[in-house]
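Per TrEMBL, the features are:
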- A:90-110: region 'Disordered' (REGION)
- A:246-308: domain 'CBS' (DOMAIN)
- A:310-368: domain 'CBS' (DOMAIN)
- A:392-412: transmembrane segment (TRANSMEM)
- A:418-445: transmembrane segment (TRANSMEM)
- A:466-489: transmembrane segment (TRANSMEM)
- A:495-519: transmembrane segment (TRANSMEM)
- A:531-554: transmembrane segment (TRANSMEM)
Number of protein chains: 2
Amino acid sequence: MKPDPQPDPGDLIATEIDRLREMLAHDQGQRARRLLKKMHPAKIASLLETLTPPQRVAAWHQIDARTETKVLAHLSSALRARLARDLEADTAMESPHSDAGADGADTPMADEPETQLRLVLEALELGKLKRIARLFRKLHPARIAGLLESLPATERGAAWDMIETERTAKVLRHLHEEVRRRLAAEMDLEHLVEAARGLEPDDLVDLIQDLPAATGRQILEAMDRRERERLRSMLSYPEDSAGGLMNMDQIAVRANIKIGTLLRYLRLREDLPPNTDKLFVVDRQGQYQGILRTRRVLTARPETRVSELMETDFEPVPADQASDAVARRFEEEDLSSAPVVDTDGRLLGRITIDDVVDVIREQSAHAMMGMAGLDEETDMFAPVLASSRRRAVWLGINLITAFLAAWVIGLFEGTLQQVVALAVLMPIVASMGGIAGSQTLTLVIRGLAMGQLAGGNTRLLLLKEAGIGLLNGLLWALVVAALAIVWFGNWTIGAIIAVAILLNLICAAVAGVAIPLLMRRLGIDPALAGSVVLTTVTDIVGFFAFLGLATLILL
Amino acid sequence: MKPDPQPDPGDLIATEIDRLREMLAHDQGQRARRLLKKMHPAKIASLLETLTPPQRVAAWHQIDARTETKVLAHLSSALRARLARDLEADTAMESPHSDAGADGADTPMADEPETQLRLVLEALELGKLKRIARLFRKLHPARIAGLLESLPATERGAAWDMIETERTAKVLRHLHEEVRRRLAAEMDLEHLVEAARGLEPDDLVDLIQDLPAATGRQILEAMDRRERERLRSMLSYPEDSAGGLMNMDQIAVRANIKIGTLLRYLRLREDLPPNTDKLFVVDRQGQYQGILRTRRVLTARPETRVSELMETDFEPVPADQASDAVARRFEEEDLSSAPVVDTDGRLLGRITIDDVVDVIREQSAHAMMGMAGLDEETDMFAPVLASSRRRAVWLGINLITAFLAAWVIGLFEGTLQQVVALAVLMPIVASMGGIAGSQTLTLVIRGLAMGQLAGGNTRLLLLKEAGIGLLNGLLWALVVAALAIVWFGNWTIGAIIAVAILLNLICAAVAGVAIPLLMRRLGIDPALAGSVVLTTVTDIVGFFAFLGLATLILL
């Protein structure tokens, strides 16, 4: 390809050069980047030639990784060498705090995620984007994804452009859903398709499911027919099922062949997909018959037949099994991979441990974030408005429960007016109940998630938790009563608060067991809504017991 | 071995038979079990002969798996057959709801954890412990561990005795720390050592670390010298480091050998350890040089040398690396196994994905349970007293913050006495702040755990969260104000609560970002204590803003 910058009239180029110069002079890196992104590589090359060396380096920093190679092709070799030298001089000054002064070009790598993040943020602030490209080249795609997620939206776009095209797909795969969707939405289709080709089918399926339907269709259409059909059949399974987790890179063999033959076949392939600890044995119709561990193949004599080494008692995973159940099985049986079959027992694909690890991580993130009503907030730097809207729902739900509690207090306005000490002490009763209840609730939610609660032992758990509520209720009732008596010099109030706390802690224990069990029966995820319902109960019981008793006794 | 029941005088046996009969007649399965456990197998055999068939079956149910085989050796073959028949008749009635009536002895297996648990609980209630033995024989050790954890202490002991000796070790390995420690404490040393021999070194090291020092020493002494030295060197690494996670079952090869030679060597071994996706290349001194993927071995020609296929750029894991960092690397790079080296670069062992999955699970359990102050509570059925004591600490800490809030309210006793509506509304202000703050807190804790927060982007996150606080503050301030005005018909109170909520939500956002960052700098785990400190802040700010404003404006 040769430089071919004719189409534009000279004065137009001149204007763009002037604008670019001005932007660089005023440190408007982002605007310069946008301008460069729209220009033809050949034009950028000719433009670079007209700049002064410092301007050139500054402009070069703003050119994304995709355009970079194209621009380089248009540059004279002298200019290319010059640019490389200038950049090296820049990176030599990269880490002023570095104590390894011997070899400036090879500054020590930052191993800690925080240090890497600091490097990226610094480079963004100085507009030295090529430093990011340099760092990214040395990092694992997953780590790059982690760094991108730590950046606010505009900076994220700039850093994203510094990833080499062949690696964008791999980085995309490691991003969280929300961030991935947002970045994919900004990419042009050509680039997206290019990236998509580098993804494993299961990750590509995930990506397509996250994108707007039209974009997903366009990506599918860009694939070749065989691949497209594969993807279509995978897209027919829900994302959180075995079918949605599986890949189709399994190696299937027949039972009657010899290990020697199998080894010859494997040698033809040159390499096996990662996590191939098992091959799968199928019959002529593709029916799953058993597994053959690769370690068996390694240790077997060539004349042995597959049928002698295969294990027929390895249960395949049904394609419609929930991904939770798949994860549990991988975990319990220490699996690295497992075959997936359809309802007729035909081998469809396989699930590998790396995807299961992602499921486990997501489950735990879901459990933790869900408790704060943040279930869908996987992008730490989501736009303020989007985040506000999502969180407002949770606050609104909480407001209802808060008003319920307020209504209970309102019932006793008369009492409060006469004994104002009650208003001072009442939050203590509610708060202790809330804490004790949430302890029980957390325990039960975990037990449910692990399938450790069934009809027979919930009664025992209820008794145990009520026992704990009783013991801790007695202990803290006495402590709070003593403190209240010292504070207000009123023995009756001490007695009332003691009884109220005891009652509330026992109720909290019962509610902590009953609420998640009930929710589960109603098909509601207790990890999401359990704590709101629980605090409603402990607030109401706490206020009612305390103020009600006070009304009965004090008035 | 022949029956040899002489040592005991006849009347003593008679008494034991009578006692046993009585226990069985009165359904005292547990006492019968204890009695039988103390008796010599030969004596049990002779005793069984004197019982009526129903009594015999009932007694048989109470004999644990270890004694069972020994007793069987002492029984006449006629009695053995009889017993088998009787038991089969029992298991045929096992699941009355079963719809597969054709073959009584082969009732359909319960696949769901809950169904299995129900079967176990039912068997325990009826004293038909052999049903549990039968179920356990078909289950994976990890699943048995899960079932044991779902049982209260006494029942757990009974079910535990039904596990075949050769599997106890594997079940032990899958139990959570607290449960494992408790069960191991009840086992006699001989049995424990027998079980320990079946454990992989890394799990055995975990077990020894969980046991009292004396028991651990005894187990070590029962091992052969080589094994003992291995274990000692592993015990020298902390449990949560790479050294504590590693196993020593790695296969090390030299770079200069041919694949054909390697394959011959592997064939001699007959089988490889699970998760062997890599062999490790070392030099004469045992220095780590690189990895050799088994999939490369499978696809290589026999005359190729290891040095041509090995990858020298695979970074080994230092033995003192924290297990969190190891887990992150496995996850990011989709590893199945990785070599562990000492500070001199010598190969020590390897870490496999199954142990990493356990680390990830534990991390997530820790995060979830830690937020409720339940960090150490891994046994759902821990004794009431032990649980009460642990949870009391958390309640006590919470009490201090509750009293701080009460103290703030106490400052405004005079105001409350005059405008009792304030007492009714004040929990709403505190509660909204608490919810909004915990949303921010959860997000920041997760970001910290993933290494996504460093100096440069915390300011941006703070701005973003404050923005969300402002938006949601405005929204809910208006809603709450409107509701308060409708309720109390007082515009001033409405205005006051609106301002208080707005202030509290912005403070909550700032506190939600600042508290975990500060705690981290002080070396405190924000996942453990963050929420208590946060609610203290939101309660105090909420009450102070609301009551303070009211005092200024209304009085």
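Backbone N, Cα and C atoms are what each Cβ position is placed from, and that goes for glycine too.
Caution: TrEMBL annotation is automatic and unverified by curators.
From a predicted model like this one, the values you see are computed outputs, not experimental measurements.
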Inset, instruction - Mind pulling out the one from A:392-412, A:418-445, A:495-519 with the most Cβ pairs under 8 angstroms to the transmembrane segment (A:531-554)? - result: A:418-445
Legend entry - Same-chain residues at least 6 beyond the ends of the transmembrane segment (A:495-519) whose Cβ lies under 8 Å from its Cβ atoms: 425, 428-430, 432-434, 436-441, 443-445, 448, 453, 458, 461-462, 465-466, 468-470, 472-474, 476-478, 480-481, 484, 525-526, 529-530, 533-534, 537-538, 541-542, 545-546, 549-550, 553-554
Inset, instruction - Determine which residues of the chain contact the transmembrane segment (A:418-445) at the Cβ level, with the cut-off under 8 Å and only residues 6 or more beyond its ends counted. - result: 367, 405, 409, 412, 453, 461, 465, 468-469, 472-473, 476, 480, 484, 488, 490, 493, 497, 500-501, 504-505, 507-509, 511-513, 515-517, 526-527, 530-531, 534-535, 537-539, 541-543, 545-547, 550, 554-555
Legend entry - Confidence summary (mean pLDDT) of the domain 'CBS' (A:310-368): 89
